[in-house]
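Enquirer: I'd like to ask some things about the structure below.
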Amino acid sequence: MTKFKLEYIWLDGYTPVPNLRGKTQIKEFDEFPTLEQLPLWGFDGSSTMQAEGSSDCVLKPVAIYPDPARTNGALVMCEVMMPDGHAHASNARATILDDEDAWFGFEQEYFFYQNGRPLGFPEQGYPAPQPYYTGVGYSNVGDVAREIVEEHLDLCLAAGINHEGINAEVAKGQWEFQIFGKGSKKAADQIWMARYLLQRLTEKYGIDIEYHCKPLGDTDWNGSGMHCNFSTKYLREVGGKEYFEALMASSDKNLMDHIAVYGPDNDKRLTGKHETAPWNKFSYGVADRGASIRVPHSFIKNDYKGYLEDRRPNSQGDPYQIVRRF
């Protein structure tokens, strides 16, 4: 029997943005445990905005990954449950219509922050604009950011997370990683776990991750988004112009229902500037990064079949709520 370090990870009850929480227990197994072997666990919900008075909450394992940063470690994604077995009110994952044929690709943007400002920013004022997007060299990315993003990439791949790439973004200290998942819950689990690994990794560098969609306020710097590329089996295999137009009409009709779960303060980011569409107006266009929905050229050439990109979700959006809305 081998002792395994099981890191149980969950989302707390803070709003509008839940925080990642985690704690470790040691259990013995003959080999790396399966999801079915993992026990339920508890925590004090009064300390996470998830209970008052009778404060016991239950952690239900729903996904497991190897933890490459620990010997005999496992990362356990959990749903928060009530003691009677019902899903906690903060448990957005439990409300998802899980569809293994729904595919999601998330483009997670974020800032490295140190001493209250983006990594690489001067103590006063701002750096010169550009050429940071996909930049190379010390003057563009500094001396530590690339080390972190490369280590994060390796951690995700070693954990079995379908990490698909990295790049420096438009503002100094701003980066992006991409996660692709087949299945509504699987895709959302993996982006949350990738966020967890990034935040845990940067502890040793004395750096925080800032996910706010417009951390530099009303300035001429791009905000941070989490563009969501999505498709269903029908959209990939059948599609068609008539179906596409009906889908766009439905998206227009349900505009505010989508905006409500696409992350807080999106009105500060979705202004019609910096490659965004206004938050209160729906639009779509071929290869148009200033539209709500960007339609790839390949989609049109393939008889309106394939994937679409919703550019409205922001960097603080909850992937569980986003895939639920889709």
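Backbone N, Cα and C atoms are what each Cβ position is placed from, and that goes for glycine too.
Annotation comment: Swiss-Prot describes E107, E109, E169, E176 as Mg(2+) binding site. The ATP binding site annotation in Swiss-Prot covers E164. Look at Swiss-Prot and you will find E275 tagged as L-glutamate binding site. Among the features that Swiss-Prot reports, domain 'GS beta-grasp' is placed at 4-85. Taken from Swiss-Prot, the feature domain 'GS catalytic' covers 83-326, and the record attributes it to sequence analysis.
Context for these features, please: burial, neighbours, distances.
Expert: Residues within less than 8 Å, Cβ to Cβ, of E176 (Mg(2+) binding site) and separated from it by at least 6 positions along the same chain comprise E107, Q108, E109, Y110, I166, N167, A168, E169.
Around E164 (ATP binding site), the same-chain residues six or more apart in sequence whose CB sits under 8 Å from its CB are G105, Q178, I179, F180, listed in sequence order.
E275 (L-glutamate binding site) falls within neither a helix nor a strand when secondary structure is assigned with DSSP, and so counts as coil.
Computed over the domain 'GS beta-grasp' (4-85), the whole-number mean pLDDT of the model equals 97.
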Enquirer: What does DSSP assign E169 (Mg(2+) binding site), in three states?
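Expert: SS state of E169 (Mg(2+) binding site) = coil.
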Enquirer: Across the domain 'GS beta-grasp' (4-85), what are the DSSP residue counts per state (helix, strand, coil)?
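Expert: Helix, strand, coil within the domain 'GS beta-grasp' (4-85): 6 helix, 42 strand, 34 coil.
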